[in-house]
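Student: The structure follows.
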Amino acid sequence: VLSPADKTNIKSTWDKIGGHAGDYGGEALDRTFQSFPTTKTYFPHFDLSPGSAQVKAHGKKVADALTTAVAHLDDLPGALSALSDLHAYKLRVDPVNFKLLSHCLLVTLACHHPTEFTPAVHASLDKFFTAVSTVLTSKYR
């Protein structure tokens, strides 16, 4: 459960990210593919070379979904229901991959915002990404 302090940290961080969310999403996805090569199996039709336009475009989709989640912190299941359906029923993404991407998102944000990435912000973002991952995998059962 996200506390009021977590919600404040998440919204504040997302405000600071601003127009870079799509870039950071692409970078985190790149980082995921490089660090955890098995994640590439879901994208056989993509050019997965670092910085590819397809990876950047999908990273923007990830960032857009997270921006939606930030705007609906009190109703993540409602805000992400369609995305949960897509990943569970059509794409059948292994749930562990959400954890791997979450880790890479944290690393990417820490690299770009080292001063703002305090232990409290880190913990809040980790809880947020875990909550989003939980929603996205909730329909697997």
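Using the three backbone atoms N, Cα and C, a Cβ is placed for every residue, glycine included.
Found this in Swiss-Prot, in case it helps:
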type    : residues : note
BINDING : His58    : O2 binding site
BINDING : His87    : heme b binding site
DOMAIN  : 1-141    : domain 'Globin'
MOD_RES : Lys7     : N6-succinyllysine
MOD_RES : Lys11    : N6-succinyllysine
MOD_RES : Lys16    : N6-succinyllysine
MOD_RES : Tyr24    : phosphotyrosine
MOD_RES : Lys40    : N6-succinyllysine
MOD_RES : Ser49    : phosphoserine
MOD_RES : Ser102   : phosphoserine
MOD_RES : Thr108   : phosphothreonine
MOD_RES : Ser124   : phosphoserine
MOD_RES : Thr134   : phosphothreonine
MOD_RES : Thr137   : phosphothreonine
MOD_RES : Ser138   : phosphoserine
Student: Return the residues near Lys40 (N6-succinyllysine) by Cβ distance under 8 Å, restricted to its own chain and a separation of at least 6 in sequence.
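Tutor: Within the chain, Lys40 (N6-succinyllysine) has Cβ neighbours under 8 Å at Phe33, Leu48.
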Student: May I ask you to report the DSSP-based helix, strand or coil state of Thr137 (phosphothreonine)?
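Tutor: Its secondary structure by DSSP: helix.
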Student: Over the domain 'Globin' (1-141), what is the model's average pLDDT?
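Tutor: Here the predicted model's pLDDT, averaged over the domain 'Globin' (1-141), is 94.
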Student: Enter the number of other CB atoms within 10 angstroms of the CB of Lys11 (N6-succinyllysine).
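Tutor: Result for Lys11 (N6-succinyllysine): 15 other Cβ atoms within 10 Å.
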Student: Given the recorded positions Lys7, Lys16, His87, which one's Cβ is surrounded by the fewest other Cβ atoms within 10 Å?
Tutor: Lys16
Student: Near Ser124 (phosphoserine), meaning Cα within 10 Å, which of Lys7, Ser49, His58, Thr108, Thr134, Ser138 (recorded positions)?
Tutor: Lys7
Student: Of all the modified residues here, Ser102, Ser124, Thr134, Thr137, which one's CB has the most other CB atoms within 10 A?
Tutor: Ser124
Student: Reduced to three states, what secondary structure does DSSP give Lys7 (N6-succinyllysine)?
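Tutor: Where Lys7 (N6-succinyllysine) sits, the three-state DSSP reduction gives helix.
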Student: Hey, what's the Cβ neighbour count for Ser49 (phosphoserine) at 10 Å?
Tutor: 10
Student: Given the modified residues Lys7, Thr137, Ser138, which lie within 10 A of Lys16 (N6-succinyllysine) by CA-CA distance?
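Tutor: None, since no candidate lies within 10 Å.
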Student: Counting other CB atoms within 10 A of each CB, which of the modified residues Thr108, Ser138 comes out lowest?
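Tutor: Comparing Cβ neighbour counts within 10 Å for the modified residues Thr108, Ser138 gives Ser138.
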